[in-house]
Amino acid sequence: MATAQLRPDAADGLERAARAVLPSSVADFIGGGAGEELTLAWEQQAFTDYALRPRVLSGVDRPDLSVSMLGCAVSLPMAVAPMAYQRLVHPAGELEAVEAAGRAGALTVVPMLSSVGLEEVADAAAGPLWFQLYCLRDREVVADLARRAERAGYRALVLTADAPRLGSRRRDLRNGFTLPPGVTPVNLPHRIGGVPGAPGTGASAIAQHAAATHDATFSWSDLAWLRAQTELPLVVKGVLCAEDAVRAADTGADGIIVSSHGGRQLDRAVPSLHALPEVAEAVGDRCEVYLDGGVRRGTDILVAAALGARAVFAGRPVLWALAAGGADAVAELFAQVRGELQEAMVLAGRSSLAGLDGLLSPRRRERTC
Ligand SMILES: Cc1cc2nc3c(=O)[nH]c(=O)nc-3n(C[C@H](O)[C@H](O)[C@H](O)COP(=O)(O)O)c2cc1C
Ligand SMILES: CCCCC(=O)C(=O)O
């Protein structure tokens, strides 16, 4: 697909273009959420709870969008969220998104469940990479992945803490979702990787694999254990309240990603944007605070930054772009968001993301949830 066609409306246009080329069960896997998909809907609605208070005559011509993410200098405060099995949507899988993000000056979090090996992805990357881990029963596999990521040049580890088991994703259950041949968790040793799932067993392949490998007993002491396994900065993903944010900081986390996993885990969980201020306030300067969930345009980044996020991560839009037009479309998505953020900062009279005090006004008394 010609990238010029993507310009009018990046978020919605990309999803439409992707759905036109993807099998419907794959589009459902990507687009879906858990339960009644309330949190999924709230994630995007939450951004409309805030209006911007622009300042005029502030002389801002070229706002500074650069930021440091745990020591990684990036020129855009939007990174790629970890998303499993990217070869579901593009033959080059994770290599393609990493290339585009690097070109855009953005960071990528490579998922533990990547469908291209973590070393091969690192070799191909132009921009900084973090590596995501799940809380697995087999601690030796977790420690080994951490060591491999460190050796391959990843700059931080992200422990996803909100998936002791997989949320009930009704669309995947309805579709009996399985991974097609050739899309496998190649980073995992065969004893726990295998070929996830088989049709007709009543659960999605992804849910079965998570049931067999994830450890719901993983707790704060295990986070302390992981902290001791690596020299890399450690980020906890999936925090939605101040208490857990403080606990993560106390246990040695360097960063927190405020996230509801894009509404894919606990349905009716608070949308991440609403949890962000209490987390940012609770940890102060002890941890870098990030957000994902529902970020679709430049103004969303501005709202999240004003509420305490150092940078944000985008999930589904990147996969839709990957499906619709590969690395070029992902690069186009990043270019569009960069343009929107620049425009919003000029029009709001803000020269940098560090100086957003007084930018937000609650749009209504009643929140969307
Ligand atoms: C298809 C898909 C796969 C995902 N896989 C992972 C994963 O392997 N690890 C993880 O921590 N989060 C995973 N996530 C969650 C994302 O990292 C992120 O939290 C979420 O997508 C953000 O919301 P957004 O899609 O609205 O931007 C996945 C999300 C999607 C849509
Ligand atoms: C075991 C989880 C598979 C990836 C996924 O779908 C998600 O994290 O949302």
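In case you wondered, yes, glycine gets a Cβ from its N, Cα and C as well.
Since the structure is predicted, the reported quantities are computational estimates derived from the model, not experimental observations.
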Among Arg169, Arg170, Arg171, Arg174, which residue does TrEMBL annotate as binding glyoxylate at the site that also has Gln132, Tyr134, His261, Arg264? Arg169
Measure from the Cα of Tyr134 (glyoxylate binding site) to the Cα of every one of the binding-site residues Pro82, Asp292, Gly294, Arg296, Arg316, then give the nearest. Pro82
Of Ala84, Arg169, Arg264, Asp292, Arg296, Arg316, the binding-site residues whose C-beta sits under 6 angstroms from any atom of ligand 2 are Ala84, Arg264
Return the member of Gln132, Arg169, His261, Arg264 nearest to Asp292 (FMN binding site) in space, with distance defined Cα to Cα and candidates limited to these binding-site residues. His261
Rounded to the nearest Å, what's the C-alpha distance separating His261 (glyoxylate binding site) and Lys237 (FMN binding site)? Just drop the number here, would you? 8
If we take the residues Pro82, Met83, Ala84, Thr160, Lys237, Ser259, Asp292, Gly293, Gly294, Val295, Arg296, Gly315, Arg316 that the record assigns to FMN, their largest CA-CA distance in Å comes out at 22
Using a Cβ cut-off of under 6 Å to any atom of ligand 1, determine which of the binding-site residues Pro82, Ala84, Gln132, Tyr134, Asp292, Arg296 qualify. Pro82, Ala84, Gln132, Asp292
Taking only the Cα atoms, work out how far Ala84 (FMN binding site) lies from Gln132 (glyoxylate binding site), in Å, as a whole number. 10
